[in-house]
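K.L.:
Features from TrEMBL:
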BINDING   H53, H55, H111, D128  Zn(2+) 1 binding site
BINDING   D57, H58, D128, H166  Zn(2+) 2 binding site
DOMAIN    12-166  domain 'Metallo-beta-lactamase'
Amino acid sequence: MFDVIRIPAFKDNYIWLLRKGASALVVDPGDARPVLEVLEREGLTLEFILVTHHHADHQGGVAGLLSRFPARVFGPATESITAITQPLHGGETIGLESLGVEFQVLAVPGHTLGHIAYYGCGSLFCGDTLFGAGCGRLFEGSPAQMHHSLTRLAALPDLTAVYCAHEYTEANLRFALAVEPGNSDLLKRVDEVAVARARGWATVPSTIALEKATNPFLRCSEAEIVASAQRRVAQAKNSLEVFTVLREWKNGF
Ligand code: ZN
Ligand code: FE
């Protein structure tokens, strides 16, 4: 197994660094500088870079890292990310021996069309697909694609650690509360996150169980959420229609 180091970047990004012995892997390095600082401080060799999608805040640091370490770069085959040496499709498995880990590659289109997630060792690195109490904006994909992607992630084991790429949980919870004020698990999470953020603590990783209990985008069949969606769009009935209403509502929230 590996240890995980959280590297804050930009305003609210997290770059995840996995280490075992002196070997390191990073997920979604939007910026090289803070990653190089950690590698140097810890005496690590960067061997692998995993990219979830093409946005600059997730891959803008790849070139700078490659100028210091000849790492292998994994990323979605269908997005234009120039530095990728190992193009991936959903359904593939990658074995990273020096870290002692295998990751399943999950195709999770929605935020972007080629977006992939990495799942292995009880951990999910999901980029901008699933967030604490929220989900990514639909820049390229359809509501149906994102709804399907989130449904797949929600089917992972409850204890899966969810490493998303942004600290958005507190703002997402304000929306979740507007959608489902009667959810006691949600009220508890709101309190916990308020305390954590006031102390400057991260709210990521979360777990699939916590997201299933509190994330409105994974709860589109719950009666209170359906009713909230129908107050905005009366004909919203099935979970995809409810999801579509919620995603639209959140855009302007
Ligand atoms: Zn993005
Ligand atoms: Fe992002």
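Using the three backbone atoms N, Cα and C, a Cβ is placed for every residue, glycine included.
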K.L.:
Whose Cβ lies within 8 Å of the mean position of the Cβ atoms of D57, H58, D128, H166, the Zn(2+) 2 site, other than those residues?
P.N.:
N13, D28, G30, T52, H53, H55, G127, A165
K.L.:
Cβ within 8 Å of the Zn(2+) 1 site centroid (H53, H55, H111, D128 excluded): which residues?
P.N.:
T52, H54, H58, T112, H115, G127, T129, G136, F139, A165
K.L.:
Note down the number of other Cβ atoms within 10 Å of the Cβ of D128 (Zn(2+) 1 binding site), including every protein chain shown.
P.N.:
25
K.L.:
Going by DSSP, is H111 (Zn(2+) 1 binding site) part of a helix, a strand, or coil?
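P.N.:
Assignment for H111 (Zn(2+) 1 binding site) reads coil.
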K.L.:
Taking a cut-off of under 6 Å between Cβ and any atom of ligand 2, tell me which of the binding-site residues H53, H55, D57 pass.
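P.N.:
From H53, H55, D57, counting a Cβ under 6 Å from ligand 2 as near, the near ones are H55, D57.
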K.L.:
Where does the mean pLDDT land for the domain 'Metallo-beta-lactamase' (12-166)?
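P.N.:
Mean pLDDT for the domain 'Metallo-beta-lactamase' (12-166): 98.
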K.L.:
Can you grab the distance from H53 (Zn(2+) 1 binding site) over to H166 (Zn(2+) 2 binding site)? Cα atoms, rounded to a whole Å.
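P.N.:
So the Cα of H166 (Zn(2+) 2 binding site) lies 14 Å away from that of H53 (Zn(2+) 1 binding site).
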K.L.:
Helix, strand or coil by DSSP: which one applies to H166 (Zn(2+) 2 binding site)?
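P.N.:
It is in a strand.
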